[in-house]
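Structure first, commentary second.
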Amino acid sequence: MKAVFSGSFDPITLGHVDIVTRAAELIDEVVVGVAVNSAKNGIFSMDERVAFVKDAVADIPGVEVALVDGLLVDFCTEMGADAIIRGLRFGGDFDYELQMAHLNKAMSGIETILLPAGREFGTISSSMIRSAACNGGNVSEFVPGMVNTALHERFPH
């Protein structure tokens, strides 16, 4: 089985890495799709995000990284994926992800596998990391080392 785990990953967090690690234990091949999202104002370029994701998942067997520019279901078809992986944090993720799962299934027939966030990562989001980092917060326990370094360079305090 091959599955896609996608997101804007601006930046990738240890919660994302945890989902990829756990998905790779269950699924033969996992493609981490770094999505272009024109609706979001990112702090890192697409090239930087792809580099961060590649670095963060480099040691996880069966994982590759690719750029997603367009509909996720079209990307899944392109990649020959059987399923979409989505992580669920504490709070309101379930309702949204269930709606998206039904839409993706209706549009393409592709199934969605929902993985709950690990207890230590259930409240982490990229937007929270960006907010904390730009205000001088220490986010080192929530992001991979390469991302932490880049955040310190982007937001020196």
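Each position is counted from 1, following the chain as shown.
Using the three backbone atoms N, Cα and C, a Cβ is placed for every residue, glycine included.
Annotated in Swiss-Prot:
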- S8, F9, H16, G87, L88, R89, E97, F121, G122, T123, I124, S125, S126, S127: ATP binding site (BINDING)
- S8, K40, L72, R86: substrate binding site (BINDING)
- H16: site 'Transition state stabilizer' (SITE)
Could you check which of these binding-site residues, S8, L88, E97, S126, sit within 10 Å of K40 (substrate binding site), going Cα to Cα?
S8
Where does L88 (ATP binding site) sit in DSSP terms: helix, strand, or coil?
strand
Please name which of the binding-site residues listed here, S8, H16, G122, I124, is nearest in space to R86 (substrate binding site), Cα against Cα.
H16
Distance between E97 (ATP binding site) and L72 (substrate binding site) at the Cα atoms, whole Å?
13
Tell me the Cα distance separating L72 (substrate binding site) from G122 (ATP binding site), rounded to the nearest angstrom.
24
Rounded distance in angstrom between the Cα atoms of L88 (ATP binding site) and L72 (substrate binding site):
18
